[in-house]
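Below is one structure, written out as structure tokens, with a few remarks after it.
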């Protein structure tokens, strides 16, 4: 064929366009590791069923869940270390709980903190105005005193603890108004208040032992009753900051009389026993 004819035929024939090559690019599957990761992440191996054999595909059977024996055989070292660590932690917790209960009765302390907002309000009112209160008996249920939130006469440790901390802070405020505040004085105030409370408890225990008085009050009960005095001391310091010495002494005197009336129901048995002629040898 003539070259001109070939050129005409080539011109009349449509040219084929070149499409980009459809080369399949590998896509990382969800179960595959990151190619840039140097080490395998074995932290969640158990949650992924690490070491479990896959069921043969294409048969229509669901994948079987790995048994504990299979998981243990797959990674015995880590499973043994985990079991040993759990056993050691359980033994340590049991040992700590046993030793703590020997020196600090945690189960008994829970009773003294079983309070609510209504109980705290009624108790504070009773501490400031105990003169009209008539029933001072502690309620019992099956030879066990009811929780403080159900009986306003029951002793608690929540109010004494909060009152002690508040008293130390208010004392620091009073020192600050006098330009005498320092962390050392605040620590000295807290330690001295705690030391006086300890001496008061020991003095009462010694007195009860010397007069051989049998009482149902425990040492924790004495700490609770003696800790109520910090409520009146807080009121006295605050009134002293607001109204000077006159307000301080008036409120402090009122609170002293109120705490005496509040503690009176605890005294008749001990006083009657101490004043008994047979006890005094008369």
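Each Cβ is built from the backbone N, Cα and C atoms, and glycine gets one as well.
Just so you know, TrEMBL annotations never went through curation; they're auto-generated.
Under the heading compositional bias 'Low complexity', TrEMBL lists 1-12. Here TrEMBL flags 15-25 as compositional bias 'Basic residues'. Annotated region 'Disordered' per TrEMBL: 1-55, in sequence order. Taken from TrEMBL, the feature transmembrane segment applies to 157-176, 188-210, 222-243, 250-272.
Long-range contacts of the transmembrane segment (222-243) within the same chain, counting only residues at least 6 positions beyond its ends with a Cβ under 8 Å from a Cβ of the stretch, are 112, 124, 127-128, 155-157, 159-161, 163-164, 166-167, 170-171, 173-174, 177, 193, 197, 200-201, 204-205, 249-252, 254-256, 258-259, 262-263, 266. Listed as Cβ neighbours of the transmembrane segment (188-210) (distance under 8 Å, sequence separation of 6 or more from its ends, same chain) are residues 164, 167-168, 171-172, 175, 219, 222-223, 226-227, 230, 270.
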